[in-house]
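Asker: Following this message is one structure expressed as structure tokens.
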Amino acid sequence: MTNPLYHKHIISINDLNRDDLESVLHVADKLKQHPNSQLLKDKVIASCFFEASTRTRLSFETAIHRLGASVVGFADGSNTSLGKKGETLADTISVLRTYADAIVIRHPQEGAARLASEFAGDIPVINAGDGANQHPSQTLLDLFTIKETQGRLDNLNIAMVGDLKYGRTVHSLAQALAKFTGNHLYFIAPKVLAMPEHILHLLEEHGVEYSQHETVDEVMSELDILYMTRVQKERLDPSEYANVKAQFILTSADLVNVKDNLKILHPLPRIDEITTDVDNTPYAYYFQQAGNGIYARQALLALVLNKNLVL
């Protein structure tokens with residue numbers, strides 16, 4: 001039976017239905033047990049990062065190597081023909097499709113990954129983050145981590161805290177959780193950084209329960225997952241950043257009356273929104289979460305490049 005993700009562009013988490021998500025998580029679990037497979041031997045993956053990245057780029061490249069493939073690309077778009085000579089993204093992708101079997105792209109402009117897919121032909125494009133829009137591979141590792149720690153993706157109380165306006169990770173995660181049942185999402189942010197209306201409307205269309213708050217204290221005791229985010233200085237004007245950067249800081253003292261199964265996640269990098277004393281609590285799981293990025297991205301690459309994947 002042909003794998004439905006074969007040669008599929010992964011631009012938005014909404015490109016994947018629940019069955020697709022569960023397939024990726026199943027393969028990720030198998031690869032976590034046996035990470036050094038050769039599922040992509042002799043394949044070449046283009047890693048094109050037009051925007052700064054540490055974890056996403058390095059975990060993708062680690063995933064590529066562990067699958068037996070080779071990686072070509074760049075970590076600084078300003079040193080490419082697009083950055084130096086004014087080449088269009090369309091032309092860049094039209095050339096890269098002749099070099100590689102798949103293209104992983106991060107770009108500061110919303111919609112850039114979708115545009116790239118339109119010029120890639122049958123070469124799958126994986127969005128590694130486009131502006132404040134989507135970050136589907138981060139969402140897959142988030143879902144994998146939630147399932148790993150909670151044993152399920154349904155009937156959970158999940159809080160997302162901090163920058164919900166510009167944070168592409170929470171946009172994608174909220175949309176993904178809408179594909180599962182019985183979850184309650186708590187959105188905790190200052191009004192200036194609230195979850196965008198189009199995300200709220202999507203949740204309403206799917207019958208997802210959610211509530212909005214300005215402090216985490218009122219819901220902390222109910223939570224299974226606390227998903228912290230940093231206030232993104234690079235996407236705010238200085239006065240706006242100064243007003244909100246210290247509004248949501250989690251310390252170990254905040255974790256007194258929490259559920260035993262609570263896990264704290266964060267897409268990283270952390271600045272000062274989680275103090276280091278939280279790291280040594282049994283609830284901190286953000287470094288393990290980052291490590292899971294390798295397996296989720298291995299699974300995604302293996303599925304889009306293997307017509308009949310059996311594990």
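Every residue gets a Cβ built from N, Cα and C, even glycine.
Annotated carbamoyl phosphate binding site per Swiss-Prot: Arg55, Thr56, Arg106, His135, Gln138, Leu268, Pro269, in sequence order. Annotation comment: Swiss-Prot describes Lys85, Arg168, Arg230 as L-aspartate binding site.
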Asker: Starting from Arg230 (L-aspartate binding site), work out which of the binding-site residues listed here (Arg106, His135, Pro269) have their Cα within 10 Å, and give them in sequence order.
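Answerer: Cα filter at 10 Å returns Pro269.
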Asker: Within 10 Å of its Cβ, which one of these binding-site residues (Thr56, Gln138) has the largest number of other Cβ atoms?
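Answerer: Ranked by Cβ atoms within 10 Å, first place goes to Gln138.
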Asker: Radius 10 Å, atoms counted are CB only; among the binding-site residues Arg106, His135, Arg168, which position scores highest?
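Answerer: Per the Cβ count, the most surrounded site is His135.
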Asker: Sort out the sequence-distant neighbours of Arg55 (carbamoyl phosphate binding site) for me: same chain, 6+ apart, CB within less than 8 Å of its CB, listed by position.
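Answerer: The list for Arg55 (carbamoyl phosphate binding site) reads Leu268, Pro269, Ala290, Gly293, given in order along the sequence.
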Asker: Quick check: with Arg55, Thr56, Arg106, His135, Gln138, Leu268, Pro269 left out, which same-chain residues have Cβ atoms within 8 Å of the centroid of the carbamoyl phosphate site Cβ atoms?
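Answerer: Same chain, not in Arg55, Thr56, Arg106, His135, Gln138, Leu268, Pro269, Cβ within 8 Å: Ser53, Thr54, Ala128, Gly129, Thr169, Pro267, Gly293.
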Asker: Inside 10 Å of the Cβ of Arg230 (L-aspartate binding site), count up the other Cβ atoms and send me the figure.
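Answerer: For Arg230 (L-aspartate binding site), the count of other Cβ atoms within 10 Å is 19.
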Asker: I need the CA-to-CA distance for Arg106 (carbamoyl phosphate binding site) versus Arg168 (L-aspartate binding site), whole Å please.
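Answerer: Approximately 12 Å lies between the Cα of Arg106 (carbamoyl phosphate binding site) and that of Arg168 (L-aspartate binding site).
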Asker: Around the Cβ of Leu268 (carbamoyl phosphate binding site), how many other Cβ atoms lie within 10 Å? Please give the count over every shown protein chain.
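Answerer: For Leu268 (carbamoyl phosphate binding site), the count of other Cβ atoms within 10 Å is 20.
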Asker: Based on Cα distances to Arg168 (L-aspartate binding site), point out the closest of the binding-site residues Thr56, His135, Gln138.
Answerer: His135
Asker: Please state whether DSSP places Arg106 (carbamoyl phosphate binding site) in a helix, a strand or coil.
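Answerer: Going by the DSSP assignment, Arg106 (carbamoyl phosphate binding site) falls within a strand, counted as strand.
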Asker: Among all the protein chains here, how many other CB atoms are within 10 A of the CB of Pro269 (carbamoyl phosphate binding site)?
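Answerer: 9, counting other Cβ atoms within 10 Å of Pro269 (carbamoyl phosphate binding site).
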